[in-house]
Every structure is written in C-alpha cells, then in structure tokens.
Amino acid sequence: MYIQRWLYSTNAKDIAILYFIFAIFSGVIGSTMSLIIRLELAAPGNQILHGNHQLFNVLVVGHALLMIFFLVMPGLVGGFGNYMLPLLIGASDMSFARLNNISFWLLPPALVCLVASTLIESWAGTGWTIYPPLSGIQAHSSPSVDLGIFAIHLTSISSLLGAINFIATSYNMRTNGMSYSKMPLFVWAIIITAVMLLLSLPVLTAGVTMLLMDRNFNTSFFEVAGGGDPVLYQHLFWFFGHPEVYILIVPGFGIISHIVSTYSKKPVFGEISMVYAMASIAFLGFLVWSHHMYIVGLDADTRAYFTSSTMVIAVPTGIKIFSWLATLYGGSIRLAVPMLYAIAFLFLFTIGGLTGVALANASLDVAFHDTYYVVGHFHYVLSMGAIFSLFAGYYYWSPQILGLYFNERLAQIQFWLIFVGANVIFMPMHFLGLQGMPRRIPDYPDAYAGWNYVSSIGSVIAIISLALFIYIIYDQLINGLTNKIDNKSVVYSKAPDFVESNTIFANNSIKSASIEFLLNSPPAIHSFNTPAVQS
C-alpha cells in the first residue's frame, strides 16, 4: 500500500511531499557542511580539519551543490510548484503525471552519486563551478569528479522534465475563465522559472559532458595542449550559472507576492507589471553571464557591455521591490510569521542586490573577484532570498497542505534566530572581502581573525534556528490541531479583505487573492474534479 502510494505515485500532491522531505534531508546535510566550514574558519590556523585542505574544498563543493540542486530547486520548484500550481490554476493534477514521478525519482540517485563522490580516493575539491584544469584528469585523477558530473546530469534531466511539465500544465489545464492575465503570480513565477531551466540546463549539460570527455576519452575541449581553452568552459558554465540564480529566486518572488498581498489585505500593486518584471529579469539574465568572468581577459568593450547590461537588471528588480512596498503601504498589515519572513526578504534581498550592483562594475570587480565580498553578496541573495522565501512559503501554505498548524510562538522565535544569525554570518563577509580575504581557503593571516570569528558565531545561531525549525515541523505533525487555537498566521479573518469579482470569495471566511484556500485543508487527493470557474 505504502509502496504503491509513494513509489509509484502519479499524484502531484504526493510527489510534492516527497520533494519536500528530500529537500529538508539534503538541506540538513548541506547546512552541516556549512557549519563545518565556518568552524574551520573561526580562527587562523588549522581548527578541525587537521590541515586537510583538499577536504575543505570538498566541503565547499558539497555545501554548494546540495543547497542549490538538492534543497532550493526541489523545495521551491519541485515542492511548492507541484503542490500549489495545480491548485492555483484549478487543475486536478499536473499535465504529465508519470513524467512527474520520474522527475522526482531521478534526484535520490543523483544525491547518491554526489555523496559517493566524497567517498572515493581524494574526493572532488574543485569549487562548485568545477573549472578545468583543476577538475581535469591531471589535477583530479580519481572518479570523484566523474560521479559529481553524473549527479549534475541527473538533476538536470529531472529539472528539464519538471520544467516541460509545468509549462504544459499551465498552458493546457487552466480552469474555465482563468486567462493568462488572471493567473496568480506564483504560477507566473513557476512558468518563467521553467522556461529559464529549459533554455539554460542543456548548456550546462553540454559543458560538463565535454569535461567528462576531456577527462576520460582524451578529447581536448578545455585542454590547452590539444588546442582547447578552459575559458570556453567558463562561458558555457556561466551561461547556465547566471540564469540559475534567477531560477532559484523567481519562485521566491512569487511566494512573497502572495504573502504580502494576503497579510496586507490588498491585491498586489501592479500585478501585470510584476509579471513583466519577472519576465524581464529572466530574459536579461541570459545576457549577462560574463560578469562572472571579468578577469579572464575579456576586452574593454565586452566588459563595458556586461557591466551596463548587468546594471539594467536592477531596474525590473527595483520595480518588484517598490511594488511590494506599495502593496504594504496603506494595507491592514498583520505580522504573522510568513509576513515577517516576507518583510525580512524585502529588506535583505535589497541589500544583496545593492552589493551586486557594486560587483557589476568591471573595474571594481577586478578587486572584488574571488574575495569574501562575493560570498557575502550571493549569500544575502540566496540565504536571505531563496531560503527565507522557502520558510515563508512553508509557514504560509503548510497549514493548508497538512491541515495541521505550527506553534506560532516557536515559529516567531525561529524567525528571529535565523534573521539575526544569517546577518551575523554574512554582513562581516563583506568587510573581509573589502580587506581582500580570498574565497575557498581554509587558513588565513591573523589580520582577518576578528570578523571571521563573528561570522562563525552567526553560523552557530543559524544552525540552532534550523534545529528549532525541524522541531517545529515535528510539533506541527504531533500537536497540529491544538496549535490551531492560538495560531495567527492562518489565513482566516472576519472582515472582507478586498472586493472580489467572484462571489465564492466574497462569502467565504478565508481570504486570499487566490483560490487554494477555498479547498478543504488538507485538500482532497484530486481537487477540482468539478472544474472551478474564474469569473
């Protein structure tokens, strides 16, 4: 029975639950790796890795790949996408139900490959970008890097199949009257993410496949001795790598839009503009990849183009930030836990974006490249963008998904812990970068000791917060119905939120701009067997 339900499942909701469990599992491993990294860097000299500098780089690779491919993408796209997208457009399931199943079940073998690569010979200590010649056969002669490449292949296939599924579902399975202009913002976010995945992943797969050939079959795509060029790999990788960071954050944009709207009791300001802004970000994201490569010897005109085109991305991003602020302005704001995360997201994502504008300048980036300033920048965007929106989405939708409620007070404590912890980790990294501390090193001169120690303290705070989050999930599953009594986050309210064209909204006690809260909680195995009508 269990095997039939969970192994052979073709039901989007069950597959989404599997994605969530997988994401939390991977996230715990990835966070543990980051804690080990920070403990090693807490003071100058060797702390806990006994001078094994290869192992340090292996931890960096493991942390990066786990957090990106095995936590954020399965969580935001696979989990929330599979569960909420059909509900938000009034579909009974995803378009290709069995394809959905294989999309998930390609991920555990990928995780096995990645973990196995850390158990073989000298492991893969290449940095998450897997640049040759360090990832070539001379520098890494063991099969570890090959296993890592297989893991990337499997996650890529998984994401591609999922992307095809999302696009087909939102194209074919919208309910009566749900035109594109009436689709909720989260659905738009998932569609735009799926298009980006579809266009960028094949390029990554091509790049790592060439690397595989270089390593095992004596080709010389990236081998200077045979007429190849490592810079080609960097172009292929970053043509995927830059859209990838938008793939990680755009579903978060969608979630934050829903939360800001619901807890301000207002429709999102400029909804169509928000869609255009997301689409512009996605389009421009494909035109800026070489800003990761200012120091490889691009000529001045190329650098000028990539500087200016990167700065242009700040415009649609600014439109989104100010539209969210306009949504909050004059709203009847309720500071439930999801709303706290959304407001923190706005503040911290903006800071991350501002440091990004500094890095966009080719002249400045020559100094900042490969320093901790870059680490601080992208962790502000990912840790306090993507991860905060994961938490926000969990606290917003999990009572609806599970029919069980979390402990509001514990959730507030967890929010403040991770808010403080994440800032204490990543703010000092900017200072270290300005002082010139390089990335991917396990040891450093004494001058950098102070801020590194502060950063490591923040890491411990954040890990405590994550442990508390795991406990909150446990408590939600055990005491979920008791918690319902004093939970403020749930989307119940007595007064009408805002005038709806749809009478069901107007008469229902549950207020949100989208239809998922009109269903039972938890929703039936197949919701919308009778099609809903969007007036």
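Glycine is treated like the rest: Cβ placed from N, Cα and C.
Among the candidates H242, H258, the one that Swiss-Prot lists alongside H291, H292 as binding Cu cation is H242. When Swiss-Prot records E40, A43, G45 as binding Ca(2+), the matching candidate from P399, P428, P438, P442 it lists for that site is P442. A contact between the transmembrane segment (17-37) and the transmembrane segment (373-393) is absent, since fewer than 3 of their C-beta pairs, 6 or more residues apart, lie under 8 Å.
On a Cα basis, H292 (Cu cation binding site) lies 30 Å away from G45 (Ca(2+) binding site). Remote same-chain partners of the transmembrane segment (453-473), defined as residues 6 or more beyond its termini with a Cβ less than 8 Å from a stretch Cβ, comprise 24, 27-28, 31, 34-35, 38-39, 41-43, 391, 406-407, 410-411, 413-414, 417-418, 420-426, 428-429, 432.
Each of the binding-site residues E40, D370 was scored by the other Cβ atoms within 10 Å of its Cβ; the lowest score goes to D370. Same-chain neighbours of the transmembrane segment (373-393): 67, 72, 75-76, 80, 245, 248-249, 251-253, 255-256, 259, 338, 341-342, 344-345, 348-349, 351-353, 355-356, 359, 415, 418, 422-423, 425-430, 432-434, 439, 469, counting only residues six or more beyond its ends whose CB sits under 8 Å from a CB of the stretch.
When the Cα atoms are compared, H242 (Cu cation binding site) and H377 (heme a3 binding site) turn out to be 14 Å apart. Around the Cβ of H63 (Fe(II)-heme a binding site), the same chain contributes G30, M33, S34, I37, each under 8 angstroms and 6 or more positions distant in sequence.
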